[in-house]
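Enquirer: Dropping a structure here in structure tokens format, bear with me for questions.
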């Protein structure tokens with residue numbers, strides 16, 4: 001159910017603004033994709049090699065077709081990167097970011113073998129929640145919208161029609177009593193707070209009402225003259241400075257799960273009927289413990305809903321609140337899009353299997369809760385979409401991947417290729433070498449690269465082999481580090497930066513060297529045990545690993561193997577095919593491959609930035625993703641943390657901890673998770689220091 005008839009969406013053109021123009025394979029890929037979409041093809045695959053500019057191609061495609069677009073990514077990090085790229089390419093359009101708003105999430109679960117019940121525990125990121133509301137607000141009010149989302153967009157989001165029905169439309173000159181408007185705000189789950197003015201609250205001063213919508217950072221001022229809306233202004237909530245005057249505004253509810261008193265009463269009646277039936281079933285089967293457990297929990301939840309309109313875990317009653325039939329699919333972000341939206345699935349070889357697996361992973365946990373009396377059977381309908389339900393809700397789809405999976409290849413009538421890089425870089429040369437003497441050969445290759453100030457990645461099959469190889473190379477004087485699953489996210493980022501800057505020359509890892517590493521300084525990728533068939537040595541994994549050497553003019557891949565497996569043959573054949581095409585293109589046009597120049601500070605430069613200037617926010621209207629969060633100087637930049645703290649008084653240390661804690665929350669709110677993680681670690685170290693100082697003075 002898409003509420004497309006209830007609102008008139010504003011129409012603005014999609015427009016790419018960039019210093020670059022399509023080059024390499026991009027013009028042909030854009031033309032083919034556009035033609036096939038306009039011809040009505042439902043599934044199209046863009047086979048784009050690493051570094052060919054698939055994101056830019058997607059932006060130019062959106063500009064060509066002029067349709068609202070959902071871009072799905074396999075994880076939050078990649079979604080954030082894509083959102084930033086699209087915001088740079090489409091600065092005048094609404095580029096939104098929609099991912100799970102949990103910083104931390106422990107779902108409710110029950111382990112029968114140990115009779116252990118685990119309560120739901122979570123920490124919600126307010127800024128991500130704002131961005132989710134901003135996405136639905138944009139989708140319902142304008143057409144020039146690109147939403148970059150993780151797979152969480154197929155989870156229940158509340159009924160879009162109820163969301164629209166509860167919306168308030170404000171227009172200069174309209175007639176409405178002030179108190180009626182305030183009651184509508186309360187019904188939309190906004191809270192009156194005349195002292196602390198923040199997102200999701202409103203305040204009243206005579207004939208002036210001010211409110212901060214949950215999806216905005218700026219406030220809205222509504223000025224009355226009697227019962228007439230005299231003026232509407234957008235203003236800065238802190239300074240009160242007016243940003244612009246408005247003629248008309250849509251104000252949406254403070255929650256996607258909005259329900260009026262009548263709907264809630266109907267829901268409670270349905271819950272009570274279901275509870276009675278389920279209790280009779282459990283007691284009839286002699287399961288008195290489960291029946292008592294369910295009775296206590298559900299009657300408590302019902303009482304909470306009657307008294308305050310909500311309860312812990314209210315999403316488990318969403319079927320009753322939405323008025324859906326048993327087994328029917330939930331409403332999701334997809335229902336907020338217009339009918340003609342386009343879907344782009346990035347890294348489709350990863351994302352498509354994720355979409356298909358979400359339902360079963362969720363239902364197996366809930367099934368246990370229902371079976372043992374922790375939840376009513378209707379809780380099973382608080383779930384993500386099944387695969388077939390997902391397919392029913394999407395239209396034309398473009399799959400992006402360097403290694404498309406079997407599903408998308410089977411759905412598409414041939415692929416659109418994009419293998420020529422704008423920089424002229426070609427895929428690396430692949431050399432297959434015997435395993436006998438492989439370590440000595442690898443050592444010689446490493447030394448040769450180190451002399452040329454180039455870097456090396458080595459991928460192994462097991463943790464023990466990685467550790468042993470790292471120890472061996474260290475003994476031989478090689479500057480080497482080991483990247484493994486126990487290294488936290490921030491340290492992983494630092495290791496990659498140190499590799500690029502030349503702090504060390506070799507990075508050894510297992511499965512951490514596939515997607516997502518952009519390392520132009522790496523000229524050699526060594527794959528040990530390349531002939532051991534399996535997940536880590538599949539054709540897809542090998543092609544992705546080979547791509548790590550595709551950013552360097554002299555990139556090479558050495559596969560150590562005693563035989564050529566089908567997966568190796570596939571990866572070698574595909575890489576050579578791309579390489580031949582790239583070399584021929586360069587030769588024909590006289591192009592010399594250019595080294596990829598990427599600033600090394602890209603990943604960690606946030607560690608040295610200062611506080612946000614409030615005037616920037618006012619001038620820019622609202623902060624874009626990627627704005628600067630206040631962070632401390634990077635540890636080590638002017639001495640270690642311990643040196644900086646030498647001689648500090650206990651009070652000073654406590655003040656510093658509080659300051660860093662505030663900065664950590666701001667960084668998390670700005671989605672700078674690596675920065676927040678670093679601050680968290682520094683705070684932990686400081687607290688240990690404070691405890692030691694307190695103990696010494698006691």
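Every residue gets a Cβ built from N, Cα and C, even glycine.
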Enquirer: Could you tell me which of the ranges 101-124, 125-148, 149-172 is annotated in Swiss-Prot as motif 'Beta-hairpin'?
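Expert: That would be 101-124, per the motif 'Beta-hairpin' entry in Swiss-Prot.
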Enquirer: Cβ within 8 angstroms of the Cβ centroid of 48, 49, 50, 51, 52, 53, 54, 55: which residues besides those meet this for the ATP site?
Expert: 57, 402, 418, 421
Enquirer: Within 10 Å of the Cβ of residue 51 (ATP binding site), how many other Cβ atoms can be counted across all chains shown?
Expert: 18
Enquirer: Could you tell me which of these binding-site residues, 50, 52, 55, has the fewest other Cβ atoms within 10 Å of its Cβ?
Expert: 55
Enquirer: According to DSSP, which of helix, strand or coil covers residue 55 (ATP binding site)?
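Expert: Its secondary structure by DSSP: helix.
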Enquirer: What are the sequence-distant neighbours of residue 54 (ATP binding site), meaning same chain, six or more residues apart, C-beta distance under 8 angstroms?
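Expert: Set apart from residue 54 (ATP binding site) by at least 6 residues yet with Cβ under 8 Å, we have 46, 48, 346, 400, 418.
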Enquirer: Starting from the Cβ of residue 53 (ATP binding site), draw a 10 Å sphere and report how many other Cβ atoms land inside it.
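Expert: Residue 53 (ATP binding site) is surrounded by 23 other Cβ atoms within 10 Å.
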Enquirer: Can you give me the same-chain residues 6 or more apart in sequence from residue 49 (ATP binding site) with a CB-CB distance under 8 Å?
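Expert: Spatial neighbours, sequence-distant, of residue 49 (ATP binding site): 402, 418, 419, 421, 427, 547, 550, 578.
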